[in-house]
Amino acid sequence: MKYSFTLPALTAALAVTNVFAAPQKLNKRACASPVTLTGNPFTSYKMHANNFYRSEVEAAAAAISDPTKSAAALRVADIPTFRWIDKRAVIPTLPDLVQDIPCDEIVGLVVYDLPGRDCAAKASNGELPVGSLDVYKTEFIDPIKSFLQANANTAFALVIEPDSLPNLVTNIDLQTCQDSASGYREGVAYALRELNLPNVVMYMDAGHGGWLGWNDNLQPGAEELASVYRAAGSPSQFRGISTNVAGWNAWSKTPGEFENSEDGEWNKCHDEKRYVQIFGDALATAGMPNQAIVDTGRNAVQGLRQEWGHWCNVNGAGFGVHPTSSTGDSRVDAFVWIKPGGESDGTSDSSAVRFDEFCGYADAYQPSPEAGDWHQAYFEMLLANAIPAI
Ligand code: BGC
């Protein structure tokens, strides 16, 4: 995934507030009963540490010769992350992901396969071309729906299509985003309508404070998201937005990382806390639910990016605050790890078809493999720079 955006530079911040969540209170229900989610699901369910990321991390730990570092690496496998359904071929693997899942845990999934995906960048261009909305509906969303229905006794949190609608707000000058626009809107609305199941909660991606947080983007951004939410029939299981997905902004930091930069005065959302508040208010005005989950997976270290919009394998990053529903902010359901730390953001090989120039910038770790592929050196760096230490 990749976002790029047009407005000037600035930013967000650090704040390693409430760290390790105490395990949440669990519903002592039998797994034999169907789940009905209401309210903030993260207060009654623990986030699930899935076996896909576990296998990636176990292999990574085995490749580290220093026993202390290897043991620390292994501990990352117990930290819950989201599993990205980034192509149709992932869907048949999902039953294995939820096998023997404890009844008191909620599984995080990212729905990420829109036609013409990643319209403002190249690193995460997907498998479906513009115009294949029917394929998206019948071969991607419908099978995901069947899977969720077949697992009605398990709770799921879905992040819907990172970057897609934000790109329509700020990158619509690009031909690729113009071509993708109607498919994005109809595809996201279809996903929200069809996946609106009792055992599911949904969050629509809203970029981050350095993207839709610019004064001029707040209202258009809120209206873009809200109109798709309405087109989906205002689904009951929809809670609001995901922010900072695969991002680098601090939750709370004053001044924000780019607050005192040249253009800083044109954006009040200098950390994700302020973004959730200010953009959330705009969403309420536009008539959309505005609870949030915030990705803190890789935001431990600030001051690494040359510009706020740099997004690719930022060099020097560290694992951030662990998933928790103790956010200290009533609008934030949970801090979560949506981007699985150690999976690349994009290749630095300039001869690759999906090479994006952001992955060749001086602040991007190089060399780096294709988006989604395992990046051992980057994983070890995230571990070494983690706050809190792992
Ligand atoms: C990639 C996906 C991958 C996801 C999580 C995205 O940038 O395009 O293929 O699943 O990151 O690592």
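Using N, Cα and C of the backbone, Cβ positions are placed for all residues, glycine too.
Annotated features in TrEMBL:
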type     : residues                                             : note
ACT_SITE : ASP118                                               : active site
ACT_SITE : ASP163                                               : active site, proton donor
ACT_SITE : ASP345                                               : active site, proton acceptor
BINDING  : TRP84, ASP86, HIS208, TRP211, TRP311, LYS339, GLU343 : substrate binding site
SIGNAL   : 1-21                                                 : signal peptide
Residues near LYS339 (substrate binding site) by Cβ (under 8 Å) yet at least 6 apart in sequence within the same chain, in sequence order, are THR81, PHE82, VAL245, ALA246, GLY247, ASP295, GLY297, ARG298, ASP345
Longest inter-residue Cα distance for the substrate binders TRP84, ASP86, HIS208, TRP211, TRP311, LYS339, GLU343, rounded to the nearest angstrom, is 23
Pairwise CA distance, TRP211 (substrate binding site) versus the residue listed as 'active site', rounded so that it is a whole Å: 15
Could you check the binding-site residues TRP84, TRP211, TRP311 and say which one's CB has the most other CB atoms within 10 Å? TRP211
Whole-number Å value for how far the residue listed as 'active site, proton donor' lies from GLU343 (substrate binding site) (Cα to Cα): 17
Taking DSSP three-state, what's GLU343 (substrate binding site) in: helix, strand or coil? strand
Spatial hits near ASP163 (active site, proton donor) (Cα distance within 10 Å) out of the recorded positions TRP84, ASP118, TRP311 come to ASP118
